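Here's what Swiss-Prot has on this protein:
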type	residues	note
REGION	1-52	region 'Disordered'
COMPBIAS	1-14	compositional bias 'Basic and acidic residues'
COMPBIAS	15-26	compositional bias 'Polar residues'
TRANSMEM	80-100	transmembrane segment
TRANSMEM	128-148	transmembrane segment
TRANSMEM	159-179	transmembrane segment
TRANSMEM	218-240	transmembrane segment
ACT_SITE	HIS229	active site
TRANSMEM	248-268	transmembrane segment
ACT_SITE	HIS272	active site
TRANSMEM	273-290	transmembrane segment
ACT_SITE	ASP276	active site
TOPO_DOM	291-365	topological domain 'Cytoplasmic'
LIPID	CYS331	S-palmitoyl cysteine
LIPID	CYS332	S-palmitoyl cysteine
LIPID	CYS343	S-palmitoyl cysteine
LIPID	CYS348	S-palmitoyl cysteine
Amino acid sequence: MDIIETAKLEEHLENQPSDPTNTYTRPTEPVEEENKNGNGKPKSLSSGLRKGTKKYPDYIQIAMPTESRNKFPLEWWKTGIAFIYAVFNLVLTTVMITVVHERVPPKELSPPLPDKFFDYIDRVKWAFSVSEINGIILVGLWITQWLFLRYKSIVGRRFCFIIGTLYLYRCITMYVTTLPVPGMHFQCAPKLNGDSQAKVQRILRLISGGGLSITGSHILCGDFLFSGHTVTLTLTYLFIKEYSPRHFWWYHLICWLLSAAGIICILVAHEHYTVDVIIAYYITTRLFWWYHSMANEKNLKVSLQTNFLSRAWWFPIFYFFEKNVQGSIPCCFSWPLSWPPGCFKSSCKKYSRVQKIGEDNEKST
């Protein structure tokens, strides 16, 4: 009886029609047809995966998501434009100082204006040298820190744009209003009275000496509103703190002390009116905070009716520099120069996962 039942079962299975829903058949549709139907592989598949699928047709192609674009593109060419902008305004400042110097009234005819700080604090001769030395130290620390930043191109263009804009403001303020010297100790260079060649020599002397008194290049008067030394001391500290790790509190404290002491020494030396320092500090900090708030917040990069920051005259320049930067820049450091150079690095053959598994299967068979 068992033999008869087995024979009937086999006969029943042979006569039963095959159900296509219970089997899997690999589609034989060509790749061109798949691409037309929208089922083809995306263009972003790596070349290794394409080669692997051709060599091993038994593997099923899986569409991988495309890589997101770089959130922090370097764009060094934009940094170059910002650098030219900063250099132009710095040179323009020296030209403006030379022009304004000819309009400064003699201290015998126009004595220094009253200043409350000067009323209570007597002048200390060496204080201004301390201020300039502190500024040189802060600039040196900032340049060294900037060289080791991973995204130095983005940070560099921000620094160049901000300092260039600040010195552009300084050119305007010193030109529209000429203040008398803050103290009777000032020894201003003689006026040239239209000697263009001598003015060019003074401009070159200012540029070569960095406009510092300790280098003997700061011999002109009239650049009192607002203080360029305060701009440098404040801005370098702000950038040092912003683009360094938060747990470097000791580093931030040292830089803050250098900046604060330098600003106080400007007033102690009676080289600038108190209002010069206050205005310089206010404009520098506002411009730095406004720019970085707009750069770090995506909604502030759009010119909207409710975004009042976008009404600044420099917003189109800001958008040009920052439109491709997505979010806040992470505090990352790297060596300024990669070693060994790319031409000395040995090229290694890269395998995709499909190729590696396929070759392992061939070896096992």
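Glycine residues also receive a Cβ, built from the backbone N, Cα and C atoms like all the rest.
Owing to the predicted nature of the structure, the values given are computational and were not obtained by experimental measurement.
Rounded to a whole number, the C-alpha distance linking CYS332 (S-palmitoyl cysteine) with HIS229 (active site) is 29 angstrom.
Listed stretches 128-148, 159-179, 248-268, 273-290 were compared with the transmembrane segment (218-240); the greatest number of C-beta pairs under 8 angstroms is found for 273-290.
For the recorded sites CYS331, CYS332, counting C-beta atoms within 10 A of each C-beta gives the highest total at CYS331. Within the same chain, residues 113, 115-118, 162, 165-166, 169, 173, 179, 182, 224-228, 230-231, 234-235, 238-239, 263, 266-267, 309, 312 sit at least 6 positions outside the transmembrane segment (273-290) and bring their C-beta atoms closer than 8 Å to a C-beta of that stretch. Packing against the transmembrane segment (248-268) from elsewhere in the chain are residues 117, 121, 123-124, 127-128, 130-132, 134-135, 137-138, 141, 227, 229-230, 233-234, 236-237, 240-241, 274, 277, 281: each is 6 or more residues past its ends and has a CB under 8 Å from a CB in it.
Among the active-site residues listed here, namely HIS229, HIS272, ASP276, HIS229 has its C-alpha nearest to that of CYS331 (S-palmitoyl cysteine). Residue environment of ASP276 (active site) contains 25 other Cβ atoms, counted within 10 Å of its Cβ in all protein chains. Sequence-distant neighbours of HIS229 (active site) (same chain, six or more apart, CB under 8 Å from its CB) are SER131, GLU132, GLY135, GLY262, ILE263, ILE266, GLU271, HIS272, listed in sequence order. HIS272 (active site) is surrounded by 27 other CB atoms, counting those within 10 A of its CB over all protein chains shown. Look at CYS332 (S-palmitoyl cysteine): DSSP puts it in coil.
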